[in-house]
């Protein structure tokens, strides 16, 4: 009988084999008497599963070659099957390949990050110069993200599970800022190369998908890989924070551009106040859309067999509502002024607020349903429920 060592103990793998996969990874109450090893009895009678580090959980999920399966049945798994049906870095070529892969992987990430930093700094030159010239303008930059910040704070508060670490939230915010520059570059190149103007196709095929993808990547490249990302709803939290970062730099660029091109006689404060108000209305949308996509990223993390379809669903929903906003925000206010006794400004504000409330309610229902379900399944359970790890999760940061 093959046993796996875990924190000085031997775990019986046959107990794992007796459980169906759908049951094996089901959320189960934690045994409060041993919280460190997260020992969880399965809900199905006669099936008991032990979960520990990501490496152990990965071993339980790994597909095995027929040779390995047959050898385990015949000899209990004592034969060394290295380079036959199993592999680990042992020889010099193994270590060379492993080291090369690691270097390329981390090197590529470093290049992407440095490129994003360079583009971000170049885009922030104009806003920074304006703030240095008139520090009061910096106040408008800050005020423009207040509504989005409050919404992101609410989504963070709605997380009924464990609070997310501040370093991960800050890192996700900064990645949202940095990755937003890629969306700006792609949007500009798409207009030039594809010849798509600022019309319906541009917003639905380019702006919506690209911007929602880069915001989701801001979550996936760091926070998603942490063991602190241990619940579906965490995806909504980190998605909202990434959207806040995206909105922050987008607002800074727009405000800096408008103020820089404004007629000095019109008054810089008046101009900055006007564009800051418009951007303050647009910011919450970024938080809502990316929180929706992030929620589905969290759902995908705990539904391995349907990972990519779930992620794609989240992106499609977020990109669609994003594109719809961009298409309609320039049309609906004009229509409202034709049929209602409203000025354009009031019609614009009314439509944006109504649209955000509508899509926000969709997100709210998802979060509320998760909260209700969590409260239902954890009522009377010592220690609550902690979603289990998947092979996507590396060692804890």
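Heads up, the Cβ atoms here are built off N, Cα and C, so glycines get one too.
Automatic, uncurated: that is what TrEMBL annotation is.
From a predicted model like this one, the values you see are computed outputs, not experimental measurements.
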Problem - Of the residue ranges 22-41, 42-61, the one that TrEMBL records as region 'Disordered' - result: 22-41
Fill in the blank from the handout: transmembrane segment per TrEMBL, picked from 306-325, 366-385, is residues 306-325
Problem - The annotated transmembrane segment range in TrEMBL, which must be one of 168-186, 225-243 - result: 168-186
Completion exercise
Residues outside the transmembrane segment (110-130) whose C-beta sits under 8 Å from one of its C-beta atoms, at least 6 past its ends, are 137, 141, 177-182, 184-185, 249, 252-253, 255-257, 259-260
Handout entry: Distant-in-sequence neighbours of the transmembrane segment (192-210), which means Cβ under 8 A and at least six residues beyond its ends
Key = 183, 186, 315, 318-320, 322-323, 326-327
